[in-house]
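According to TrEMBL, the compositional bias 'Basic and acidic residues' annotation covers 56-71. Summarising the annotation, TrEMBL assigns domain 'C2H2-type' to 24-51, 78-105, 106-133, 134-161, 162-189, 190-217, 218-245, 246-273, 274-301, 302-329, 358-385, 386-409 (among others). The region 'Disordered' annotation in TrEMBL covers 1-27, 45-76.
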Amino acid sequence: MEPGKLVDPPSDTISTPENHKTPHECSVCGKSFSRRSRLLIHRKIHVGSGSSQGLEGEKSFSGKDAKDPRSPSRVKPYKCEECDLCFGQKSHLLTHQKIHTGEKPYQCLECGKFFRTIGNLREHERIHTGEKPYKCWECGKSFSQKAGLRAHEKIHAGIKPYKCFECGKCFTQSSALRSHEKTHSGEKNEKCLECGKCFSRKSNLVKHQRYHTGEKPYECPECERRFVDSSELRRHQKWHKGELPYECGMCGKSFLTRTEIQAHERIHTGEKPFKCGECGKCFAKKENLGSHHRVHTGEKPYRCVECGKCFGHKGALWRHHKTHTGEKPHQCNECGKFYRTSSALKCHVKIHTGEKNHKCLDCGKTFALSFNLRSHCRIHTGEKPHKCSECHKCFSQKRSLLKHQQIHT
């Protein structure tokens with residue numbers, strides 16, 4: 001056997017036919033496990049729950065550990081002078097001491113990040129290589145880091161040892177509990193330097209920052225469409241698979257979630273429950289109201305990294321990005337012309353179909369686009385929102401203003 005290598009002690013129960021599949025049984029609840037390590041993880045459920053009686057008697061040691069209470073696995077002779085923490089091996093103490101000195105001698109050649117140990121560096125490098133050597137034997141899911149596998153195994157074992165004292169909710173990881181606790185405290189210490197918006201989790205901040213930069217790191221292998229975060233990609237992939245359980249009874253269109261279909265149904269009912277406190281305008285979706293508020297505040301938090309131009313909502317930023325990339329993914333089946341957005345394509349298609357479903361209630365004139373109807377209605381209302389900055393003359397339509405401004409130039 002290789003020196004210093006730890007192996008699981010041989011189990012007598014494996015050879016017994018009736019115990020072959022699940023030889024390790026919990027003495028408290030009777031649940032069985034195929035591996036001793038899983039049983040040890042599972043036992044933590046009972047510790048501190050009032051059902052831990054009998055666990056002490058189950059602890060056993062094999063070989064030298066059973067006979068010698070001063071064996072290396074039970075004695076920690078190497079003590080840190082800074083914090084008094086003890087270690088069984090000198091190498092572990094030396095690694096620990098780097099926490100106090102701040103020493104991080106190992107650098108990643110891909111991103112320049114530094115690490116205390118060569119092991120931590122190797123684990124980090126798997127982020128760049130995509131290597132995931134740690135596999136869960138229960139479900140086959142793979143992980144790049146051993147800690148990730150250990151945390152995942154608790155899901156199968158049913159272990160959630162980290163409990164919130166506010167609401168009693170339990171979590172498999174301490175980091176998940178800390179993030180959850182911020183929902184009670186209201187703490188949001190992760191701030192976006194672009195727009196000042198604050199978040200309780202760093203992961204939410206990172207995702208938010210992509211709306212400013214335009215970064216979409218997650219690509220669909222089916223259609224090459226890109227997304228800001230992995231959850232959006234997974235939702236999109238369900239669309240390819242036809243996993244859309246909620247069907248609209250009006251038009252037959254299907255949706256992934258109940259929230260999405262409820263928002264869609266308002267198109268048919270005309271319901272607009274979200275009202276602007278400034279101007280009284282109503283919206284079918286809450287996010288649309290949020291975007292509209294910026295019309296009044298003048299806030300434009302979404303900035304183009306290419307030219308510095310700012311926008312009031314992320315959709316406008318995405319459309320603008322395509323002016324730099326030249327991307328026009330939406331093609332007309334009638335004439336082959338390409339457009340940057342699906343909405344622009346829909347407007348164009350009406351030229352071929354002759355559809356004019358936007359009708360003026362005053363004179364009955366119809367229009368292909370709602371924008372054209374709004375401009376037309378100003379003839380009846382007398383509204384002239386477009387003002388010349390030179391002579392202050394006002395116009396009902398923007399094109400009339402642009403034509404007028406040529407006089408001044």
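Here the Cβ of each residue, glycine as well, is placed from N, Cα and C on the backbone.
Keep in mind the model is a prediction, meaning the values are calculated, not measured.
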- Message: Using Cβ atoms and a strict cutoff of less than 8 Å, what residues sit near the domain 'C2H2-type' (302-329) while being 6 or more residues removed from its termini?
- Response: 194-195, 211-214, 291, 294-295, 338-341
- Task: Could you give me the DSSP helix, strand and coil counts for the domain 'C2H2-type' (246-273)?
- Result: 12 helix, 4 strand, 12 coil
- Go through the chain and flag residues at least 6 beyond the ends of the domain 'C2H2-type' (386-409) whose CB is under 8 A from any CB in it; none is fine as an answer. 375, 378-379
- Message: Can you give me the average pLDDT across the domain 'C2H2-type' (218-245), rounded to a whole number?
- Response: 80
- Between 78-105, 106-133, 190-217, 218-245, who has the most Cβ pairs under 8 Å to the domain 'C2H2-type' (274-301)? 190-217
